[in-house]
Protein chains: 2
Amino acid sequence: MEKMIYFFGKGVTEGNASMKMLLGGKGANLAEMASLGLPVPPGFTITTEVCAYFTKSGGKYPEGLQNDVEKNLVKLEDILGKKFGDRNNPLLVSVRSGAPASMPGMMDTILNLGLNETTVLGLAESTNNERFAYDAFRRFIQMYANVVLHVEHKLFEEVLNTVKHEKNVTLDVDLDVNDLKKIVKLYKELVKKETKKDFPDDVRTQLWGAIEAVFKSWNNERAIEYRKIEKIPEDWGTAVNVQSMVFGNMGNDSATGVAFTRNPSTGENYFYGEYLVNAQGEDVVAGIRTPQPINKNSKTDDSQKTLEELMPELYKELESYRNLLERHYKDMQDMEFTIEKGKLWMLQTRNGKRTPQAAIKIAINLYEEGIIDKKTAVLRVSPKDVDGMLHPMIDPKAELNVLSKGLPASPGAASGRIVFSAKEAVEKKKNEKELILVREETSPEDIVGMNICSGILTARGGMTSHAAVVARGLGKPCVVGCSDIEIDLEKRIMKIKDKVLKDGDYITIDGSTGRVIEGNVNKVKPELKNEFETLMKLTDEFKRLQIRANADTPSDAQTARNFGAKGIGLCRTEHMFFGEDRIEAMRQMILSSTTEERKKALEKILPMQREDFVGIFRAMDGYPVVIRTLDPPLHEFLPKEESQIKILASKMGISVDILEQKIESLKEANPMLGHRGCRLGITYPEITEMQTRAIIEAACIVTKEGKKVIPEIMIPLVGNVKELQLQKEVVVTTMKKVFEEYKMELKVLIGTMIELPRAALTAFEIAKEADFFSFGTNDLTQTTLGFSRDDVGPILKTYIEDKKILKDDPFQTLDQVGVGRLIKIAIEDAKKVNQNIELGICGEHGGDPASIDFFNKNGFDYVSCSPFRVPIARLAAAQSELKKE
Amino acid sequence: MEKMIYFFGKGVTEGNASMKMLLGGKGANLAEMASLGLPVPPGFTITTEVCAYFTKSGGKYPEGLQNDVEKNLVKLEDILGKKFGDRNNPLLVSVRSGAPASMPGMMDTILNLGLNETTVLGLAESTNNERFAYDAFRRFIQMYANVVLHVEHKLFEEVLNTVKHEKNVTLDVDLDVNDLKKIVKLYKELVKKETKKDFPDDVRTQLWGAIEAVFKSWNNERAIEYRKIEKIPEDWGTAVNVQSMVFGNMGNDSATGVAFTRNPSTGENYFYGEYLVNAQGEDVVAGIRTPQPINKNSKTDDSQKTLEELMPELYKELESYRNLLERHYKDMQDMEFTIEKGKLWMLQTRNGKRTPQAAIKIAINLYEEGIIDKKTAVLRVSPKDVDGMLHPMIDPKAELNVLSKGLPASPGAASGRIVFSAKEAVEKKKNEKELILVREETSPEDIVGMNICSGILTARGGMTSHAAVVARGLGKPCVVGCSDIEIDLEKRIMKIKDKVLKDGDYITIDGSTGRVIEGNVNKVKPELKNEFETLMKLTDEFKRLQIRANADTPSDAQTARNFGAKGIGLCRTEHMFFGEDRIEAMRQMILSSTTEERKKALEKILPMQREDFVGIFRAMDGYPVVIRTLDPPLHEFLPKEESQIKILASKMGISVDILEQKIESLKEANPMLGHRGCRLGITYPEITEMQTRAIIEAACIVTKEGKKVIPEIMIPLVGNVKELQLQKEVVVTTMKKVFEEYKMELKVLIGTMIELPRAALTAFEIAKEADFFSFGTNDLTQTTLGFSRDDVGPILKTYIEDKKILKDDPFQTLDQVGVGRLIKIAIEDAKKVNQNIELGICGEHGGDPASIDFFNKNGFDYVSCSPFRVPIARLAAAQSELKKE
């Protein structure tokens, strides 16, 4: 630690904006503003390194710190001509936290430090305002006692209220100087009673108490919690800013306020802010007085008095700083200012928080205004902002009764009446507009019902459970794994903790945060503006990765294309079989006991499949479409409930016994590792044959319509090159036949999913047979980590939250160390034997920015994700490429 | 192809014994014998390369073959002074197959080739035996027509029987020369009728037809089937041996026979064999006449006339060849000979097939006699022989009604009355000595019942299903995945194909072959002789790998030690909980809803676990014991059947509803990838704490008794180094406490299983925290290949037998390409950060010779297998080391 303290103040500033890691955001920006010549109350910043030392050593300071603090205090006193603890012209300071990353309200702050029975007299005299001085004193005692001495806040409120009550007044401002003196006395007695010690009168004791409290607040519970959510490293630490006080509450020529260089909600380019006359910053926060707009643009009603009107000169000065700071920082700024007796002081500037919509608008506008370049604009927007733009969200102003929180499985908010089964949903949809399907977990049978509902809520499952995957595919809000939910299907109710909700009650889910909210909450939808279009166009200039979408229907395909997908990376053929007319043929196929019977049933399915592919190929004119052959275990297509089994048996004309026996025989201990993927096609080559025929016939038909069709046929769950060889043989033979029948030929790539560790480990063999690899990172994660995504919910909760074994859900963000290593092995080996192999990824990770960065850096050709994540992927792909430079 | 044909015959031999790949076993040995000066009828061998060319080209011969055959025929004619197709002194030949590996009876042979209406006259004259000549002719027609022209054998039998019937005789020998001439005529008519062509009279047409038939017979069904079983490569091909005929059926001074240089059943060192006077080789096989012993030692009853007595000079000559050949080949030989008119001819010699017992005895005796060295002796015995020595086997002489075949899951044969549930087994055992448990599949609840039965038979599951693993552990014969079985529990019957067996019926299973046999079949048990002990001692001289055993009880541990295990590589603690008194405490633990309750239940389990470990440590005095903490998902310990749930609920004093809810909540879609392994210990550290306490307390107690205890604590299913760190912390803390209490300290290794791909891929992190790695290759195979071993049975059948995707069951023989690569990565990375890390393997592969070779070559310190496989592993480990040199 070379230097523990950095001074700031006009002409004597030691730090700058680039030193955020060392000085924290606040400290670095105060130094920068001071350097720019802005009126910043001088002070000094104790570095984050000191905090780290303090934390590690269990509460000790590095040698020499005390000495350095004294030296900087003297410097401060010299500049201001005031003295810390002085009877006549006392220096008062604020002590504030300030971490490298913004952690608003998470850590402690103390104002007015340096007041005691002696200095309060000097403050009264120097300000010529005794009431102000004692008000500051009592505020300081209350704040200090709470933050540093841990005396409960409400005890001070009780004292204050008692005095007000005795005097029969309601507002603080109605208390006179004697009341305040009395309160100071009572406060000190309270502190003595609670802490068994006198309130510290010594100003240096006060200062060190405050510094310690700020350092310690780095590890208070809410700060830890916040860091976990925002992924801020534990070891960064906070800086401490000791800054001379300025007061906005010294009369009607004083004020305090907050301003944004642009509107943080809409992103519009005008100065925007609020202020209060004769007030300290905390008054704005407390919400007792309503802040006023700083200018006309910030007005919400006409009766409001703006700062521009009230103090036009000072407003002009403030506006000049607005321009200066935004141009200097090249981003929208959130500034705090105080006016003390007609003098403007700048207390803080930082990049302003903004809504997703504003984030995009501001970045693009700044680029269009020539303040930042294209690359910066693209890097400025976070993929989360883009995500936020695409889904309705809970009205930020709405009052919420949050019942519980599950996993945010598919973003956006939705409200609707509770329905407990997909079948009922279909029934009820006739009379109800909005339904929320609430299930223990969903299964492929539920697809039709899920598609009809406004949102899906499950008690079990993780981020890649069936409900989650399907909902994301449908672009429907979804909350999964909400373990507080207990469903009682008999009574047709569900309990969330103590709350009982009936079938038909209104409920709201927020798939972006996981919240489950009572009733019908108002929602707002961000509009897609021109700036969004511009941003997306810019991403295309920079990204190398192609973005495709996972889409199983023509309408999904169209959505994906509208969002900018340049192809389909995964078309799952099995989802096509759950329609009423289709499932029947599928079941016939499964229940066939001979190849002949099976072929007959498959013949019924053929035209349906072909029709689906025709629709998809049309929608994807000119773009590639990767179609995966049948993947899930067959038992997924058979009914589970007894009543359903009976119906099916009678439809099929077989006995319930035989049907049950067949269903039983298809049961597996671990279906994820069972008879699925290419294992089906190898056992029943006639399935692959039918599917190939449907694909190629559709391709021929659509080609004859004059469209460009680029089919890629993908064999799933290959673990052995011979599996691929056998399936490829079926595909090629069938393909040739169909081409002969249609008297044409098309180029068709035949490739495989890499979703088993063995596939990755033997890529050097498999790549010889494959035109492309598409990494199925969902399954690859399951097998590599040994986690079943259907069961992993509670384990991940323990692993991420309680035990901190994992940082992220590996089904959302790729495990680069483990799964990533397998992928790298596979790519390296594959390229050696097949230089031109096409490399893609079609797991959930295809829509995750961190994972996209990994795929981009490792030479993938494309990622494929849910249609609704395509814009996010486009941005993430561009940012990854830009960050590589 | 440089040379397509190799000639053999005294003084002009071109091949030798080392050319088996090219000349086949028979051809190479004929050449070798000829070179040694033994009387071998001269001939020539067409190479296996010609066969490979023939097969690949779809039935074409390489250029020049015809010319080469002609040249060699001329050579043969010159040596013998006979001519092929000659009226006066015709040359007759046999045409025989002969592959590099022995495939007895699988391919075709033709004798007496070269006979036609002309040459038969010459044969009659030159032998002065017309009857003999026509008998040879009719035999030739029959054989040739069957093998080359595909005329059914039984049609010839019908003709023969008709003639005998007309003549009113029963034996062939009662037919005179006219009868035989008539038969020749009828045979030719039959051929004409069946093939629409005349029987070929041209001797060259005959020869080429026979050559083609032999080459084609390489790909007949039974040959393909045999190669699959014996793992003989498809592309080797067979050689064709064209050899001049000699006849053992030319009168009472002629004979034919088979002899072994030692007794092939017992291995005893005396000349052993059978012969028939005036007979051809096929007569011995046909079994119409009973062969006679060649000498006194081979006699089974006193009335028999030996060759030694009948032809003492020739016997002496034969015996001299016995000594010469055994010394020359340094192994027990199986020789074929023919005596033609007082002259001895050697037709074949090869290493003789032998029983497991004989294999061991012969190898060790040859070593003791100084014929082979130690290394050769160890390499001479196959691990299968050792396996065979350890289990009772079906009496080879017993007549069997084989009902079906399943997978040979645990070797040995067992008979008993059928019982359909483990619980009933316990009941019935009171009155019945032998029971066979027949189940769809078994579960941990069945352990007690399984232990009581003589054998286990399941309809489902693969080689590593629960039944298979437990049975091997118990050393009990077991057949699994016998899919022909349909159990009807209500009717208390099972169907195997059309056969219905009742509860209580006798059945026999052969766990070495997978056979399921009706009734109570006689069994024999090979004796463990001195030679076995010597062999085992020799293995210890050569092997580098340590052999440990998987053992969960003191008695298992003792068995393992008796078999030569030098430690326990896997002690599964969960198997200890299925006893009646124990399961209750375990269930209490699982059903606890608070940590406190759980701890109370664990306290009840502690003394039981400690007691188990005390027993195991005592048995393993001086050897390491690797104990794995709790691994299986908790639901395995809870009952599944309603009646059982009711009983448990009332015992626990909770409602059936609540219990069912709890059981339901523990259910997982894919339990193999669920809440198990260290995930349990991380969620409930108190379990790991209790288990550590039990282990360390037991270690202290047994140490105080004066024994040497070397405990190793193993954390299962680690996929992330932090998991190991957390569990290690619990272990170390608890260990320290116990050591303090017992006022002593012991060295305890703490390590982990590597059974997830991610564990292998992040070994560079995990190895830093681990004293040892034990590769759990069962689970590693499951996750790497994406196969659930509970479900994989039918898939493997398709993959291995029908589609030939896999050569071996990957749960039996390690998949070296995929799983092996992961293991190599893990070892390489681990050694970089922890040079002294102990490396072991405790999956089923620890007892598989091919896998042991892999482990040995890759630097493992030990393998651990079922106690009953320890001798096999010892031998395999020694052989691997010897082969490395």
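Yeah, the Cβs are placed from backbone N, Cα and C, and that goes for glycine too.
In TrEMBL, annotation is done automatically, which means it is predicted and not curated.
TrEMBL annotations:
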- A:22-58: domain 'Pyruvate phosphate dikinase AMP/ATP-binding' (DOMAIN)
- A:65-302: domain 'Pyruvate phosphate dikinase AMP/ATP-binding' (DOMAIN)
- A:433-514: domain 'PEP-utilising enzyme mobile' (DOMAIN)
- A:His466: active site, tele-phosphohistidine intermediate (ACT_SITE)
- A:529-881: domain 'PEP-utilising enzyme C-terminal' (DOMAIN)
- A:Arg572, A:Arg628, A:Glu755, A:Gly776, A:Thr777, A:Asn778, A:Asp779: substrate binding site (BINDING)
- A:Glu755, A:Asp779: Mg(2+) binding site (BINDING)
- A:Cys842: active site, proton donor (ACT_SITE)
* To do: With DSSP as the yardstick, break the domain 'Pyruvate phosphate dikinase AMP/ATP-binding' (A:22-58) down into helix, strand and coil residue counts.
  => 23 helix, 4 strand, 10 coil
* Structure fact -> Most Cβ neighbours within 10 Å, among the binding-site residues A:Thr777, A:Asn778, goes to A:Thr777
* Sorry to bug you, but what's the C-alpha spacing from A:Glu755 (substrate binding site) to the residue listed as 'active site, proton donor', rounded to the closest Å? => 10
* **For substrate: widest Cα to Cα gap among A:Arg572, A:Arg628, A:Glu755, A:Gly776, A:Thr777, A:Asn778, A:Asp779 in Å** => 15
* Asked: What is the interatomic distance between the Cα atoms of A:Thr777 (substrate binding site) and A:His466 (active site, tele-phosphohistidine intermediate), given in whole Å?
  -> 15
* Structure fact -> DSSP output for A:Cys842 (active site, proton donor) maps to coil
* **Rounded to the nearest Å - Cα separation of A:Asp779 (substrate binding site) and the residue listed as 'active site, tele-phosphohistidine intermediate'** => 13
* To do: List, in sequence order, the residues of the same chain other than A:Arg572, A:Arg628, A:Glu755, A:Gly776, A:Thr777, A:Asn778, A:Asp779 whose Cβ lies within 8 Å of the centroid of the Cβ atoms of the recorded substrate site.
  => A:Leu570, A:Asp631, A:Pro716, A:Met753, A:Ser774, A:Phe775, A:Leu780, A:Cys842, A:Gly843
* Rounded to the nearest Å - Cα separation of A:Gly776 (substrate binding site) and the residue listed as 'active site, tele-phosphohistidine intermediate' -> 15
* Structure fact -> For A:Arg572 (substrate binding site), the nonlocal same-chain Cβ neighbours (under 8 Å, six or more residues apart) come out as A:Asn550, A:Asp552, A:Arg628, A:Asp631
* To do: Do me a favour and check the Cα-Cα span between A:Asn778 (substrate binding site) and the residue listed as 'active site, tele-phosphohistidine intermediate'; whole Å is fine.
  => 12
* To do: Using all protein chains shown, find which of the recorded positions A:His466, A:Arg628 scores highest when you count other CB atoms within 10 A of its CB.
  => A:Arg628
* Can you see whether DSSP assigns A:His466 (active site, tele-phosphohistidine intermediate) to helix, strand or coil? => helix
* For A:Glu755 (substrate binding site), what is the tally of other C-beta atoms lying within 10 angstroms of its C-beta? -> 27
* For the domain 'PEP-utilising enzyme mobile' (A:433-514), would you mind checking the mean pLDDT of the predicted model? => 86
* Structure fact -> CB neighbours within 10 A of A:Cys842 (active site, proton donor), counting all protein chains shown, number 28
* Inside 10 Å of the Cβ of A:Asp779 (substrate binding site), count up the other Cβ atoms and send me the figure. => 25
